[in-house]
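K.L.:
What TrEMBL records for this protein is below:
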- 43-62: DNA-binding region (DNA_BIND)
- 20-80: domain 'HTH tetR-type' (DOMAIN)
- 1-22: region 'Disordered' (REGION)
Amino acid sequence: MHDTAPASPKRRPGRPAGDGANRDAILDAARELFAARGYDGASMRAIAAQAGVDPALIRHFFTDKQGLFSATIADRTVIGDRMSGVFDGDVEGLGERFASAYLDIWEDPDTGPMMGAMLRTALTTERAAELLRDMLMSKVTSHMPADRDMPDDIVARILLAGAHMLGIVIARNLAQVPPLADYNRDQIVHTVAPAIQHYLAEPLSR
């Protein structure tokens, strides 16, 4: 009688081994190349090469380039960390904290290049614009403390404040319009904080 080794268990059909690691590698590569080359300049093949995977694996996870870009916005952002303290502390400092945190997102070397790539793409791609808008809104509102009284129209107020700051970012960081591009970060924050404070905490004209 001969001993026989037990048969190796067959893998169930479905997602391939190393799925999570491959997906993370693709997202990391996409963030880097979208930031460095922009949406149009970052090809699927280049992203796959950077991630060390076959291009077909990108289609497996994300369907197409727009799906991949969408995932980099939805899955791989630290905006929540930057905005987490905005609604803490005294109401009087709310405008300054909001302006400071918003600029940090765009000017930090770890997040700024990718956010710039997102914004440039959002200006020309409707789906990217929707994703960027929804992400910015959700990351801010998710960090509002439940135990603090907020105006009934706080969402509209946040949108006003965000639109004001986004205009500054476009002029300062993307278009580099002087003198905004020449001001240092603290000058911008102190200059715009009263307007942001008005949007967020003071009576609005109807």
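Glycine residues also receive a Cβ, built from the backbone N, Cα and C atoms like all the rest.
Remember, it's a predicted structure, so these values are computed and weren't measured experimentally.
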K.L.:
What is the three-state DSSP composition of the DNA-binding region (43-62), stated as helix, strand and coil residue counts?
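P.N.:
Taking each residue of the DNA-binding region (43-62) in turn, the totals are 16 helix, 0 strand, 4 coil.
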K.L.:
Do you know the mean pLDDT across the domain 'HTH tetR-type' (20-80)?
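P.N.:
When the pLDDT values over the domain 'HTH tetR-type' (20-80) are averaged, the result is 87.
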